[in-house]
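Straight from TrEMBL, the features:
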type	residues	note
DOMAIN	7-314	domain 'Acyltransferase 3'
DOMAIN	397-606	domain 'SGNH'
TRANSMEM	7-26	transmembrane segment
TRANSMEM	32-53	transmembrane segment
TRANSMEM	74-96	transmembrane segment
TRANSMEM	102-124	transmembrane segment
TRANSMEM	136-156	transmembrane segment
TRANSMEM	162-180	transmembrane segment
TRANSMEM	219-235	transmembrane segment
TRANSMEM	241-260	transmembrane segment
TRANSMEM	272-296	transmembrane segment
TRANSMEM	302-319	transmembrane segment
TRANSMEM	331-351	transmembrane segment
Amino acid sequence: MTEKYRADVDGLRAVAVILVVVYHAFPRAMSGGFIGVDVFFVISGYLITGIVLSGINSSSFSIRKFYARRARRILPALATVLLAALAIGWVAMLPLPFHNLGLHAIAGALFFPNLLLLNEVGYFDAAAETKPLLHLWSLGVEEQFYLFWPLLLLGLTKIPKWSTVGLIFVAIVSFLYCCYATRYHPATAFYSPISRLWELAIGGFLATGKFPATKRSDLMSLAGIVLIVAGGFFLKRSNVFPGPAALIPVTGTALVVIFGSRILRQQWIVSIGLISYPLYLWHWPLLTFAALAGFVSVPAKLAVILSSLVLAALTTAFIERPIRFGWLRPSSVAVSLSLMASVLGLSTAVWSDDGVSSRFPEQIRPVLAVMQYNPALGGRVLKCWLELTTSFESYRPECSEGSTLVWGDSHAGRLYAGLAALKQSTSEIAQFTRDSCPPSALEGGEACAASNRAILAKISELKPKRVILFAVWTSYPEYKGLNAENAMSSSLAEMLRQLKTEVGEVILVGAPPLWTPDLPIQVYDFWRSNGQLPDRLPPRTENYQSINMGLARMAAETGVRFVSPFAVLCNEAGCLTHTASSRTELLTWDYGHLTIEGAEFIARLLRIE
């Protein structure tokens, strides 16, 4: 087998990168544009397998030369974008996001961003729009593929009659795992190289040419293009993906590779394909940094896309080509590795120095440090504070110990931390808290309701001295319309009646103030504009008063005690942002989850002896 350039494959790259860029800029217009990555996977499998098999068949293949070629192709543009992202982050980012950027740059330079992102998935994970290097996950998958694929091909070619069967076997096993993981572990299915391997393996199978001979067919290749584009328009992230749905872009790509495409050989589309790699690298960091600066309008996003195209062309002309083909080629590997070493050094410094908070005046640093708060601190996470879908049986035995029992969502988990700190004991307080699950036996979705029914039965068994119920009531559809008139028709009211017959004291904690953007960011913005730290700020617009009036009526008519954090913290001037000790000692570290100090502040309102 010999390597042969195919312009239509570069055209296919153009289709893939256009899908991704449009999806990231305008997700409503191209809801399934993320499948462009799947197109890239098949193309990569096809091209890399072709390169390796060509070398093996001509007895010229060298692992060292293969990785040197990969380094020349991948590292220069990647290092350029990572260095640019770090430079922009230094100027534009607060310590926490800059710290995270440093970690993601390390992962990008060492080709494990997909594994890092998989590890970060969870209730407190930052939004995708705050991660300028999020898109590098797919590069991680490809590089992990490059590590072992040549070795696998070398092994398979030792037994020629099994080589094709081996590729098919790898693809089938990976696809079956992908389908399983998509259903039961969706984040793993999305980011794992194992669940994506079948897409690259199918590309590899296409490179062997061991399928029935076909003539060029514009109709079949057009069908492939239509399949890809239709998937880009009609698939959604809410669909189960990758799983079987990934067959849509993979099949479409395979049809184009098998039958060829005159449409995709047009010069303008090939030109985009030739800069598709740096375009993919540049577009997402620029979109996220623009969004951070408030540039989110359609014209602004179009300007970002145009800038990405220009930077991609410049990167190709002045970074990639001189290193791969020009005057720097004799030392290209050394230059590429040196660039990446620079990235690793700088990103490690940023990460290890917690985002270089020394860039900011000393007065504001404690506030910025709150952004790096450990949400699990003191909350018995994964013991007595579970994820939404975790079974009730996963609560540890110590969760049932204590005369006072805290029941509620993740915000109740943070309240527990304050109560335990005040009591200077964890053995006096029982805890049944769960992400996104308000304490009402009949509401919150099936997983939440099932857990709450089990908790209610456990309370009947334990008969604690006191039960405290707390949730961010304003965040749940079941309570958004709550008011004094309809309060007693809520299933929560009926449950309170039941609890009151079994527990000595029931305390219902009302809706607290919430913040958008997060409280530390608002405090920082106020300080930047006014030169001083605020005492109060306006909270997020929510139906606090009506909901708290409804909860207060429930409490009054069922004989339980009602405590309203909102009434204590807020007045016409806004809501208190800090404890009595210091204006830098914030009550919450994000939009509403309490710090230990904030939780102690609220816990004192409960007057528990």
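Heads up, the Cβ atoms here are built off N, Cα and C, so glycines get one too.
What TrEMBL says about a protein is an automatic prediction, not a curated fact.
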**Proximity of the transmembrane segment (272-296) to the transmembrane segment (302-319), 3+ C-beta pairs under 8 angstroms** = yes
**Message:** Can you see whether the transmembrane segment (219-235) and the transmembrane segment (162-180) are touching - at least 3 CB pairs under 8 angstroms, only pairs 6 or more apart in sequence?
**Reply:** no
**Fill in**
One stretch in 7-26, 74-96, 331-351 has more Cβ pairs under 8 Å to the transmembrane segment (136-156) than the rest, namely 74-96
**Close approaches to the transmembrane segment (102-124) from elsewhere in its chain (Cβ under 8 angstroms; 6 or more beyond its ends)** = 78-79, 82, 85-86, 89, 131-134, 136-141, 143-144, 187-188, 191-193, 340, 343-344, 346-352, 355, 375, 387, 410, 435-436, 590
**Prompt:** Top stretch among 74-96, 241-260, 302-319, 331-351 for CB pairs under 8 A with the transmembrane segment (32-53)?
**Reply:** 241-260
**Request:** Within the domain 'Acyltransferase 3' (7-314) only, compute the mean pLDDT.
**Result:** 93
**Item:** Stretch among 7-26, 74-96, 162-180, 241-260 sharing the most Cβ pairs under 8 Å with the transmembrane segment (331-351)
**Value:** 74-96
**Asked** Is the transmembrane segment (302-319) close to the transmembrane segment (74-96), in the sense of at least 3 CB pairs under 8 angstroms with a sequence gap of 6 or more?
**Response** yes
